[in-house]
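Down below is the structure, laid out as structure tokens.
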Amino acid sequence: MTYEAAASFEPATTSGSATVLERSAVIDLDAVRHNVRHFVAIASPANVMAVVKADAYGHGAVQVARAALDAGARWLGVAHISEALALRAAGIDAPLLAWLHTTESNFQAAVAAGVDIGISGWELDAVVAAAREQERPARIHLKVDTGLGRNGATIDQWDELVGSAMEYQDEGLLRVVGIFSHLAVADEPHRLETDEQLAAFREAIAVAEDAGVDTEVRHLANTPATLSRPDTHFDLVRVGLGLYGLSPFEGQNSAELGLRPAMTVRTLVSNCKRVPEGQGVSYGLNYRTPRPSTLGLIPLGYADGVPRVATGGPVQIGEITYPVVGRIAMDQMVIDLGGVGPAEAGLRGAEAIMFGDGTNGGPTADDWAAAAGTNNYEIVTRISPRVPRIYANEAPEADRP
Ligand SMILES: Cc1ncc(COP(=O)(O)O)c(C=O)c1O
């Protein structure tokens, strides 16, 4: 997809078209739809929950949620109730689960808005109080910790949690809609802990069923488990990273998994100048030009979400990809165009791509993850609000789910 193609659509989040032209994250919603359809086919007969927390990993929660539902996802998942309420406020009424709460979470609003609530333990009484107040049964999913060591009832607490939930269900205060857990190492398919977690999950389901729980959905799999472990699919798979077209596996890229990266971060070369051999570049002067050279200034920095540690990350201009040299600063970073002549200074104003879908060898979020020593989840999610999102291939309003 070219920027020109994307730009022909009405920008959804901009602070003026000049800003968009200067730098933007172009989100190709056709790529999201393609990826969702791919996961729907892999997971069937299980359904797909599109995980759109953290503003859809930086892609835009409302736009991605609509595209995902359009392409066959049946559920939406977020971490915070506030994220769920924002989706409801946008008119999205699909089944929607929020699973990470604090004592200040707005359970009343969640119950009122028909948001399903993940319950690890202490939340149960607070949610029941909200249901009483709202005079509406809460919809809950009981979460068991099968080994990740974060949220979820421990196996020891599980019996009691299930028993209390069933008492409240009998009183008509809630409905246990689901049972779920989260995997720790599914991105490393050789690791045996996934088998242990799966066995613990099956055991927890058996305990709940013995206690009379009759769920609509049992769910465990994330993106890597959906791709590599059909035995973890149960009734519903919770797919985040894969929706955005990114690979969860080291050594396997998006194309090899049949996925299309949805986000392209691009800007314009801000300045271009000829410098002598030995020119220091950026704070710390950690890089010096090894010969007379031309430096290109790229107006993206850590305030835009580029990791400060990612020196060496690739930037594509035209057909050529250059590594970032010297330290990445708050607003800018520098590439060394090499010993090119003054004519090349004409690159000022040329489009510079930080990462995109990787076709024709272009830079990817995976490349930036490698340069920063992190994962591709973090690269896309941290692209900051200073970079306007623009949407390619957004469905016309009348056709939206
Ligand atoms: C509970 C839960 N389920 C599913 C996901 C989606 O994971 P992934 O992006 O690997 O598909 C997440 C994301 O971290 C999560 O926290």
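Cβ coordinates are placed from backbone N, Cα and C, and glycine is handled just like the others.
Caution: TrEMBL annotation is automatic and unverified by curators.
Quantities reported herein were computed from a predicted structural model and do not represent experimental measurements.
The annotation active site, proton acceptor is assigned in TrEMBL to Lys53 (among others). In the three-state DSSP scheme, Lys53 (active site, proton acceptor) falls into the helix class.
The Cβ of Tyr283 (active site, proton acceptor) has Gly326, Arg327, Ala329 as same-chain neighbours under 8 Å, each 6 or more residues away in sequence. As annotated by TrEMBL, active site, proton acceptor applies to Tyr283 (among others).
Sequence-distant neighbours of Arg150 (substrate binding site) (same chain, 6+ residues apart, CB-CB distance under 8 A): His182. The substrate binding site annotation in TrEMBL covers Arg150, Met330.
The annotation domain 'Alanine racemase C-terminal' is assigned in TrEMBL to 262-392.
TrEMBL lists Lys53 with the feature N6-(pyridoxal phosphate)lysine.
Across the fold, the C-alpha of Met330 (substrate binding site) and the C-alpha of Lys53 (active site, proton acceptor) stand 26 Å from each other. Long-range Cβ neighbours of Lys53 (active site, proton acceptor) (same chain, at least 6 residues apart, Cβ-Cβ under 8 Å): Ala61, Gly77, Val78, Ala79, His80, Glu83, Gly240.
Cβ contacts within 10 Å of Met330 (substrate binding site), excluding its own Cβ and spanning all protein chains shown: 11.
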